[in-house]
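What TrEMBL says about this protein:
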- 39-307: domain 'NADP-dependent oxidoreductase' (DOMAIN)
- TYR72: active site, proton donor (ACT_SITE)
- LYS101: site 'Lowers pKa of active site Tyr' (SITE)
- HIS132: substrate binding site (BINDING)
Amino acid sequence: MNPSLSKFMLAHTPKSILNPTPTMTTSLPLNTGGSIPALGLGTWQSAPGEVKAAVIHAIEAGYRHIDCAHCYQNEDEVGAALKEVFERGIVKREDVFVTSKLWCTDHTRVEEGLDRSLKALGLQYLDLYLMHWPVPMNPNGNHPLFPKLPDGSRDIDHSLTHIQTWQNLEALASSSPSPKVKAIGVANYSVKYLTKLLEKAKIVPAVNQIENHPYLPQQEVVDFCKEKGIHVTAYSPFGSTGSPMMKEEKVQEVAKKHSVGAGTVLLSYHLARGSSVIPKSVTPSRIDENRKLISLDDEDMQKLEALHKEKGVTRFVYPPFGIDLGFSDKPGGMDLSG
Ligand SMILES: NC(=O)c1ccc[n+]([C@@H]2O[C@H](COP(=O)([O-])OP(=O)(O)OC[C@H]3O[C@@H](n4cnc5c(N)ncnc54)[C@H](OP(=O)(O)O)[C@@H]3O)[C@@H](O)[C@H]2O)c1
């Protein structure tokens, strides 16, 4: 086509076609050939007695993606919610994208961990199973989830590396006749850990789920994942419970410009970066409110990006494993990158 004609057509194409407004069910492609809905409901810290109602409300409100984990200790209640929405015919199993995660004390018993989550959730298969952290912990320690050594430090299992755990996950994903997981991925992986993993991986992780928000853009991880065909899912998009991010002046300015709430800006930020996002709420009005997504422009994104430059890195949910997971240049404790 004549270059000046194509320039003319581009200039006159409505913005809504060039940059369509994302919706909660916008499908984002995975390297498996499948896809993941743009918005999911987070369930960490959703208390028993609250999470069932939250999941049912979310599904009724149109959510088609639920983020779970064995470590959240509420998968049985999420399962009860799923059972109810399936039985009431609100959705079919194949219409909901369900993620769960292998906990650190299950690295030596991957299939057992998966089966436990499947049983609690009442499902035959997961859409996505993630290694929750690249940190194997003692499966027979003094606590089933957070074992510690007598000196109070984390009881790390040095008998295997996260790479062996990944290989066990690969075996699960390729088991026949029908694998219990449609896709496998990782969470909390830095560029350093991903690089080590990819050197040995037969299956490239479909997803890297990371803490991600304007205080912690993790641009190097997002860029690396894009280059390797790994989809990024952003967790703690509001900075997790108690974060001041919604009140940030720049977030408020962008919200005012588009006549939306601060939450919409913080969620839409990830869509503009090609990521999916999983806000947690047990409050029906907030579950509803969080469905709203908009297209942010370059000016908005620059404003949000400036937050990190001005305020530096603020990690809200990074657990004190006492090891260097390769997220910072500062020397850490042990290095488990294998
Ligand atoms: N892979 C990992 O290691 C990892 C780690 C952390 C989190 N995650 C996943 O990511 C999900 C989200 O992260 P998160 O739970 O840390 O934090 P988050 O989604 O950033 O924030 C949740 C907090 O924001 C509140 N909230 C929700 N919507 C709101 C709104 N519209 N206005 C004001 N407040 C609102 C919630 O309160 P109410 O519930 O009271 O409404 C809750 O206190 C988790 O639930 C979990 O599924 C994964």
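Just so you know, glycine gets a Cβ as well, placed from its N, Cα and C.
Note: TrEMBL annotation is automatic and uncurated.
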Taking just the CA atoms, what is the gap between TYR72 (active site, proton donor) and LYS101 (site 'Lowers pKa of active site Tyr') in Å?
10
How many whole Å apart are the CA atoms of LYS101 (site 'Lowers pKa of active site Tyr') and HIS132 (substrate binding site)?
5
Which secondary structure state does DSSP assign to TYR72 (active site, proton donor), in the simple three-class scheme?
helix
Among the recorded positions listed here, LYS101, HIS132, whose Cβ has the fewest other Cβ atoms inside 10 Å?
HIS132
How would DSSP class LYS101 (site 'Lowers pKa of active site Tyr') in three states?
strand
